[in-house]
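Novice: Input: one structure, supplied below.
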Amino acid sequence: MDIPLGSPSALGHDPSHYGREPLRVLLFMTVPIVWLVGACQQRVRWSRGQYAFEDGFMAAAVMLYFANAAVALYGSYHSLLDPIKDLETAMFSLIVCEGGYALLSVTIRYAIALFLWRKVTTDFHRYCIYYFMAWAWVVSLLYVLYITFTFDSEQASQPPENAWLDSLPVQGLMVVFAMLDIWLLALAQRISWTLGLSKRSSKMVDVLVFMGIIAAIVLITRNAYLWYIPVSQNDVLDRISGGQIWEVLETTLGIIAGCAATLIRTGNDNGRRELEQNSPVSAPRGGSRSSRRAAGGWRLSQFKSWLRPHPRART
């Protein structure tokens, strides 16, 4: 069946496809926001000389987000332009986006967990973070393996097998993801109380916790949305698009919250304070910008300065 290029279906204006328009509009709004937030976070951390592993994880999360968005847009546009293969393309987009979502979510969680691990001062909090990272990796790996070996696009495109999104393992793993998010947020709030942050940093932690709670609610809402909508051949495309909309919302909130978390400056970080006091390149608060930046984080030049003998020790 050939579709004329000037027809409404070819132009993406078929009224039956209006249910998939919000996904494209949302991606066009969130992709620039994520790019701007991620670029600002990377620039600030690099300029402070405090670039660490969690910043690398956050950069990887932003790249995975762009790749996931590209696949979602590919499936959305192809399903609008080619109604014959729209269901097959949408299913392909779904399976790739779900696998990318698992990797993206665990990358964001690892970035926030590593940042919190650098700030904790008790062994109990460190063990909690270790357990969280282990569980997050195991659950994400199980989710990727499940959708890889149990998903069949040909069977999923025919009722009633297209209720794959309603399967108990998928719903159960999504609930575990939400519980892990709540666990991490509670741990972040507890750590912020223990460290005694400044008023500005406390507000940033509150923003992190608030956005994390919203992300968990969005994740649970996605499950409810996919669970209760009737399954039929007509609404399966809108059903997939709706699931991807909630997925985009959750990952966007997670990246913004993770970038905000890595920019928090603690008021009584004992390890950093001891580093600044003992470092030979540490400068007072009124020093130059370069000296203050060198005293605030780990730099290669700072490490080399530790290897040089002190000027007073020379004869």
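The backbone N, Cα and C atoms fix where each Cβ goes, glycine too.
The transmembrane segment annotation in TrEMBL covers 25-44, 56-77, 89-117, 129-149, 169-187, 207-225, 245-264. Residues annotated as domain 'Rhodopsin' in TrEMBL: 45-263. Annotation source TrEMBL lists region 'Disordered' at 270-297. Feature annotation from TrEMBL assigns compositional bias 'Low complexity' to 282-297.
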Novice: Same-chain Cβ contacts of the transmembrane segment (89-117) under 8 Å, 6 or more residues past its ends?
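Specialist: Distal contacts: 52-55, 57-58, 60-61, 64-65, 67-68, 71-72, 74-76, 78-79, 82, 125-126, 129, 132-133, 136-137, 140, 143-144, 147-148, 151, 153, 156-157, 177, 180-181, 184, 187-188, 191, 208, 236-237, 240-241, 243-244, 247, 250-251, 254-255, 257-258, 261-262, 264.
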Novice: I need to check the long-range neighbours of the transmembrane segment (245-264): which residues 6 or more away from its ends have a CB within less than 8 Å of a CB in the stretch?
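Specialist: Same-chain contacts beyond the flanks: 22-23, 26-27, 30, 33-34, 37-38, 40-41, 44-45, 54-55, 58, 61-62, 65, 68-69, 72, 97, 101, 104-105, 108-109, 111-112, 115-116, 188, 197, 201, 204-205, 207-208, 211-212, 214-215, 218-219, 221-222, 225.
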Novice: Using Cβ atoms and a strict cutoff of less than 8 Å, what residues sit near the transmembrane segment (25-44) while being 6 or more residues removed from its termini?
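Specialist: The answer is 55, 58-59, 62, 65-66, 69, 72-73, 245, 248-249, 252, 255-256, 259, 262-263.
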Novice: Short question: which residues 6 or more past the ends of the transmembrane segment (129-149) have a Cβ under 8 Å from it?
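Specialist: 95, 98-99, 102-103, 105-106, 109-110, 113, 116-117, 120, 169-170, 173, 176-177, 180, 183-184, 187.
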